[in-house]
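Here is the structure we will look at, set down as structure tokens.
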Amino acid sequence: MTNTPQTLTLIQPDDWHIHLRDNDALATTVPHACMSFNRVICMPNLVPPVKTTEQATLYRERILTALDKADIPSQRKAEFDPRMVLYLTDHTTADEIARAKVSGIVQAVKLYPAGATTNSSDGVTDILGRAGVFESMQKHGIPLLVHGEVTHHDVDIFDREKRFLDEILSVIIKNFPELRIVMEHITTRDAADFCLAQADNVGATITPQHLLFNRNHMLVGGVKPHFYCLPILKRADHQKRLLEVATSGNPKFFLGTDSAPHATHIKESACGCAGCYSAPHALPLYATAFESVGALDKLENFASRFGAKFYGLPINTSTITLVKSDMSVPEGYPYLDGKSLTPLLSGQTLAWSVQS
Ligand code: DOR
Ligand code: ZN
């Protein structure tokens, strides 16, 4: 036995699904994301949403201004690269997709079914009616990122992902077989197996919370609002299947935290909103999940290679080191004007930390 702490050096990861929010929130979210990730795919569900390349360009500038002001090492600042996403609406045009392509900063287009989640009221009401836009995305090689849940009120919240696969996603794939699609934050065995059954142009991101937790963590012994996200945590057997595919070495599955900040008082309310904040400790969380099934050796591909490969981007050249040494997750971070932001597993101890 040796007392030397176990270390795990990874190619610097990218986060292929993150919510940074906007304006004052960026002072908190950007430094957190930047300390772990090089490229981050910035979700466009702002109020109002990021619908055009012009809006995406301005949003990116606000993120970079926050980065500039942040008190973090200059090397991290130099490597941080926010990649932008357009929010698909009933009014998005094929021309907008062509503009996105030439911009060089828009990486993808996001499909939120109207009403599916936070700030999705401008989402698409007639998904299969967006054929012209999907055609243009397929032609320009712009990936479609999918929040895969139907939103009909009569569909049980635990069945919404599977119904989306059966009724919507399979039709999109049939009609646009070359369209690159990322099934975002998958939560079920059905979604994992659906993804596996598709060609290489269909991949999926998996969050730390869906690998580490199931609905018992959220609901047994009292309702725990900081585990509430969308798609909602499912049964333990779905969690187990997600862990299997994430650690399988299959390049279809890669890291996307879906880190989604909401002020603590808004989460801890009679009608709390959906989202887990994981950006500051996402890598220790993923390491914990991978270690739980003896698959730490699979983490680097999942976190640092497969997403870049899917997006056709180079693999990063810098590295980050995780150490098997306790990390206390803070109770909260300062957020907005005097408010607090409660991270996932606040106040608890993780067995891994990021080497400073
Ligand atoms: O839990 C979630 N929070 N899921 C989403 O799809 C959106 C996100 C947010 O923006 O808060
Ligand atoms: Zn999200």
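For all residues, glycine too, the Cβ spot is worked out from N, Cα and C.
Note that the coordinates shown come from a computational prediction; the quantities given were computed from them, not determined experimentally.
Binding site for Zn(2+) 2 per TrEMBL: H147, H185, plus K110 from the candidate set K110, K139, K162, K174. In the record from TrEMBL, residues H19, L20, R21, N45, H147, L230, H262 bind substrate; the candidate from A131, A246, A274, A279 listed for the same site is A274. Cross-referencing D258, D297, D326 against the Zn(2+) 1 binding annotation in TrEMBL, which names H17, H19, K110, picks out D258.
The separation of D258 (Zn(2+) 1 binding site) from N45 (substrate binding site), Cα to Cα, is 12 Å.
When pLDDT is averaged over the domain 'Amidohydrolase-related' (15-321), the result is 97.
Neighbour counts of Cβ atoms within 10 Å were taken for the binding-site residues H17, H19, R21, H185, H262; the minimum is at R21. For the binding-site residues L20, N45, K110, H147, D258, counting C-beta atoms within 10 A of each C-beta gives the highest total at D258.
Rounded to a whole number, the distance between the Cα atoms of A274 (substrate binding site) and H17 (Zn(2+) 1 binding site) is 15 Å. The most densely surrounded of the binding-site residues L230, A274, judged by C-beta neighbours within 10 angstroms, is L230.
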